[in-house]
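Asker: Pasting in a structure now, in structure tokens, and then I'll have a few things to ask.
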Amino acid sequence: MTNSKGRSITDKTSGGPSNGGGFVDWTLRLNTIQSDKFLNLLLSMVPVIYQKNQEDRHKKANGIWQDGLSTAVQTFSNRSEQHMEYHSFSEQSFHANNGHASSSCSQKYDDYANYNYCDGRETSETTAMLQDEDVSSDGDEDAIVEVTPKLPKESSGIMALQILVPFLLAGFGTVSAGMVLDIVQHWEVFRKVTEVFILVPALLGLKGNLEMTLASRLSTAVNIGKMDSPIEKWNLIIGNLALKQVQATVVGFLAAVAAIILGWIPEGKYYLDHSILLCSSSVATAFIASLLQGIIMVGVIVGSKKTGINPDNVATPIAASFGDLITLAILAWISQGLYSCLETYYYISPLVGVFFLALTPIWIIIAAKHPATRTVLHSGWEPVITAMVISSIGGLILDTTVSDPNLVGIVVYTPVINGIGGNLVAIQASRISTYLHLHSIPGELPDEPKGCYYPFRTFFGPGVNNKSAQVLLLLVIPGHLIFLYTIHLMKSGHTSLTIIFIVVYLFAAVLQVFTLLWIADWMVHHFWRKGKDPDSFSIPYLTALGDLLGTALLALSFHFLWLIGDRDGDVGD
């Protein structure tokens, strides 16, 4: 075979007997094909994912990662060796069967979390989402360099403006959820089956476990160019939506089990019909709400990409904008409907639960067919389930607090403080994750000061992540003031807006977000150093901690206000 540069390659394939049983000599001449295009075609058939050597790490010049060679030029044979080393696929199967043999990447990647993006071969999410490739020719040799995508530079003002609108939208969504919860707390199912209150933070926390994780992961994929191809984009979307339905169903069921146990421990009473109602309500709510929010989230990500807006700034807050309201409304409606059927149509409640649980194998099959989500079906449950348990503890605090008639005013503010804190910390975690994907490799941190992650390091410094932490913290007080007065103008809640109430509430909100941003700085870098994708691991923990911190600080605030005499005025009644 002769290419356009005069190189001759003859491919001899042994075949059956022909003219006396010799070999068949296949010689192809491709004089019309340019060598660099032909090489580009070959390389595009096999995605390249590889790890830098120790001495090659962090060598970067003008946005181009160097491979540690004396020149930027690599021959095709050298590149093939890298393919063989890091993909370990069968060459015979690849050529003879016109497909990829089942294989895995280097063992070094086995601990990297969750997803693989390389045509069905097992890899990690973090490694697969590294640099895109750029193939060029110097006119004499075929040179291959890898170009690192860069985020557009953002000033603090531009960043604040991009965050402000979705932040306010998300805030009004949580305010609406708080007002709905303030109303439905008087419904019969909430009064007779108080364990439903334990479900509230756990199910609302699904937006942190699933929706915000999906938003952050797809935002990172957009920023590093992994959604430029339509096929790759829809593989990511369909696989992630199917996976999310599996997780929502399982987490919804486990949240109900946790609510049953946590509700049984204080009083020692157990009711089978209440347990079935909790399981059915939780599973149905998680499934329906997750599906609706997932579709909305995909639209936001794709729309952000087309309009040139950084999805890291808008995707996670919009993921939560109506998430709380949708989830809470569905939970209240389904649980009240099933409760009204307990005496006359007792079989409806278990049938509802069984129906949604029976759909789980279908979603598992769909998710397993997409390489981007196959691995997480086995290894991605730890953060989701742990976050659910943390949120359920916050629900127990809420259930205990609302049992006191003097502290019922906490209900309307719980979704607000929890939602705002979770939204802001999810934005920061998503931005740090994108920064790490663009400036370092999994398991290695970029050139930053070593040592403990103390608050001064998080909020003060020249880095872009320091700047975003400052902007997010500054949004807390004006944002909460807007939401407090919105609740007041809507005549909702059971608490008068006194000066001391506003001061105590804002102190709790600022302390919550300050703590979460500090923890996020450490946690995202920690998971990256461990080779785990922070988009999938950190956000569930952070939003769950936001629920726990928000509920606990709010409960302490209301206890403090009661002790000093600033008590409820039954405004909402």
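Even glycines carry a Cβ here, placed using N, Cα and C.
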Asker: From Swiss-Prot's topology annotation, check whether Ser538 and Cys341 share a side of the membrane.
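Answerer: In Swiss-Prot, Cys341 is across the membrane from Ser538.
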Asker: Would the transmembrane segment (196-216) count as touching the transmembrane segment (470-490), i.e. at least 3 C-beta pairs under 8 angstroms with sequence separation of 6+?
Answerer: no
Asker: Please list, for the topological domain 'Extracellular' (304-313), how many residues fall into helix, strand and coil according to DSSP.
Answerer: 7 helix, 0 strand, 3 coil
Asker: Of the stretches 163-183, 348-368, 377-397, 499-519, 544-564, which racks up the most C-beta pairs under 8 Å with the transmembrane segment (246-266)?
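Answerer: It is 377-397, which has the most Cβ pairs under 8 Å.
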